[in-house]
Amino acid sequence: MENRWQVMIVWQVDRMRINTWKSLVKYHMHISKKANRWYYRHHYESRHPKISSEVHIPLGDAELVVTTYWGLLTGERDWHLGQGVSIEWRLKRYRTQVEPDLADQLIHIYYFDCFSESAVRKAILGHRVSPRCECQAGHNKVGSLQYLALTALVAPRRPKPPVPSVKKLVEDRWNKPQKTRGHRGSQTMNGH
């Protein structure tokens, strides 16, 4: 019988970013308790040798699984040292891969306080509204003028530590042009 291959999207991520993601997840699971229904699965609990960890995030009947890998083939850049992340949405026996933006939106629907579009209606009706959104990564569009006015009224406060964002985890920060720092006029630092 011939080999059957299954292809899946794995986002190449550097090791330090994966470690930051894991520590943020553990913080919000155990200390802030905002993600206390999440399940962190260690590498020794998996039978697959390339899986570094899994984070199972319940979303109603479904769940989102963020899997980190190690020991993969290196990428085209020197810093792609065989680390990667895949994001999967599961409902019973159905599984599909999702993009980081959608994963953040799904997480934001179920977890972390939000000052959302519904806050405009609640404020007009005189109801108490949540003063801020803890998960800005879950919003991908500009709000209405009323929403922007309400958010301007309430000063945003950044949660410490920040909410774990899947989009931030797989963000490609290496291909952005970086400025070198050094002494003024240094020939070696200016690239001349």
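Using the three backbone atoms N, Cα and C, a Cβ is placed for every residue, glycine included.
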> Any idea which of 20-24, 40-44, 125-129, 135-139 is down as region 'Interaction with host APOBEC3G' in Swiss-Prot?
Replying inline: 40-44
> Within 10 angstroms of the C-beta of S165 (phosphoserine), what count of other C-beta atoms is obtained when all protein chains are considered?
Replying inline: 21
